[in-house]
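Here the structure is laid out as structure tokens; the discussion comes afterwards.
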């Protein structure tokens, strides 16, 4: 009887493999970084062969590290950096170009063209996304337009496209299976999230042949089996979801209105909206959360560009702290920020403002302002930005948030989590296992093979490490938030010519 599930967590900077047991505990984990390629300013690439090599290397290594046999693994679940695009030759299995990474801005001119034609409104309606170089559609077009002979080969059916999940599954099955899941497909900008199929009109506009696209399947499903030559046995590949959606699943956000926030360099916030695709009027993305149990569920997504990165700025540029955990210690030394607000709009502001010309600001300074006040105000800015996004989510969905589940590096900061709860006026829950992305992929795989029987069973695995209850009265909460809104106004449009 197989006792474990293995997750592949293929991220932007590293490939990781984690082995989980039935209670969702980590048995072993292994991680390997790979090369970031920057051919020109604003361009970012990865070598798909290196991604495959590092991912299979950590998978074999983690089995050894855990001291188990490949036969002990019931299934593999895959989660991945979203939007990153690979095009390869069907016959040789070799990529015709490096993977174009989600961060890469090279296709901005193609996006501008779509906007100038007014085609962006159509894309927004059909895919739930804004037209941006971030998503896969324009990256595929760029490869077909710029790699010699690519378009002819694609039209003859000799080329295949995939995001990283598709590329890994194709290699694990030695080319037998060309597939993706609903959550990853919903980030390509060419998938109709209402009709649940590749959109012929968008494909025609971008001149992408449909035969190069993978089949789209549920997120919890046996797609195929690993080729025997890889692990010595055939293991079912049974779960697939983009990283942020996998984290939503790993956090057991199964009901409409449940939300999670991942506090990393930036923040990614997703709210489950159930079987209803909620269009956003506030600059959020409408996306597929997952496809499971014969239906698709949707989410609203908002991203904050600068969160944990603001704490790094205090450490590396201002040098007023020596390490990130120290920020909590200093923030606790003062009762408040003494009227100081920091707006960390270092690269503009994301949802719900979408102001590329906003710049970082410190306001409310007086002669009594100390280092502690600036540090505390920087931490508080992460919580204020989270409230901005959540207010937008509540406005779009009409659903009131009951509690916020948190994960990611900065969720370890107790001061920040308590202030987050205070400023939202809702409880904040930090789980014991914060590797929620890999956990979500494991759950999806385990459900498909009967390792777990239901979402209810999974929910029982979700345990709170720390629960934060709001301790601030409403009058104070609203007064502080009003001050934040004023500070944001001062930061907006600053860099406009």
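Any Cβ shown, glycine's included, is placed from N, Cα and C.
Same-site candidate for sn-glycerol 3-phosphate binding, as annotated by Swiss-Prot with 82, 83, 134, 243, chosen from 12, 13, 337: 12.
Cβ neighbour count for residue 12 (ADP binding site) (all protein chains, 10 Å cutoff from its Cβ): 17. A helical conformation is recorded for residue 312 (ATP binding site) in the three-state DSSP classification. Put simply, residue 312 (ATP binding site) is 12 Å from residue 409 (ADP binding site) when counted between their Cα atoms. Taking Cβ-Cβ distances under 8 Å and a sequence separation of 6 or more, the neighbours of residue 413 (ADP binding site) in its chain are 324, 325, 327, 328, 379. For residue 134 (sn-glycerol 3-phosphate binding site), the count of additional Cβ atoms within 10 Å of its Cβ stands at 22 [all protein chains shown]. Fewest other C-beta atoms within 10 Å: among the binding-site residues 308, 409, that description fits 409. When the C-alpha distances from residue 16 (ADP binding site) to the binding-site residues 82, 83, 134, 243, 312 are tabulated, the minimum falls on 243. Cα proximity to residue 312 (ATP binding site) (within 10 Å) is found for none of the binding-site residues 12, 83, 134, 243, 244.
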